[in-house]
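Here is the structure we will look at.
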Amino acid sequence: MEKKSIAGLCFLFLVLFVAQEVVVQSEAKTCENLVDTYRGPCFTTGSCDDHCKNKEHLLSGRCRDDVRCWCTRNC
């Protein structure tokens, strides 16, 4: 009886491990690119994000430490 419960527990961990690996492999890679069309210094990430989504048709955008707008896209 104890061997069955240990085997069942091992099987459950194996299924969970395989399911987690499948999720990790299906994630898309993203890349950041500097935006040439954004004018002025980038202080608010919201305006950069709007620009990247609406004008560049990319995933998102953010202001980085160099006060420039960087857009995120799928690689």
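Residue positions begin at 1 at the first shown residue.
Using N, Cα and C of the backbone, Cβ positions are placed for all residues, glycine too.
According to Swiss-Prot, the features are:
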SIGNAL    1-24  signal peptide
DISULFID  Cys31-Cys75  disulfide bond
DISULFID  Cys42-Cys63  disulfide bond
DISULFID  Cys48-Cys69  disulfide bond
DISULFID  Cys52-Cys71  disulfide bond
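What Swiss-Prot annotates, mapped onto the structure for a quick look.
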{"residue": "Cys31", "record": "disulfide bond", "contacts (Cβ under 8 Å, 6+ apart)": "Thr72, Arg73, Asn74, Cys75"}
{"residue": "Cys42", "record": "disulfide bond", "contacts (Cβ under 8 Å, 6+ apart)": "Cys48, Cys63, Arg64, Val67, Arg68, Cys69"}
{"residue": "Cys52", "record": "disulfide bond", "contacts (Cβ under 8 Å, 6+ apart)": "Val35, Leu58, Leu59, Ser60, Gly61, Cys69, Cys71, Thr72"}
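Least crowded of the disulfide-bonded residues (Cys71, Cys75), judged by neighbouring Cβ atoms within 10 Å of its own Cβ: Cys75. Comparing local CB density within 10 A for the disulfide-bonded residues Cys48, Cys63, Cys69, the maximum falls on Cys69.
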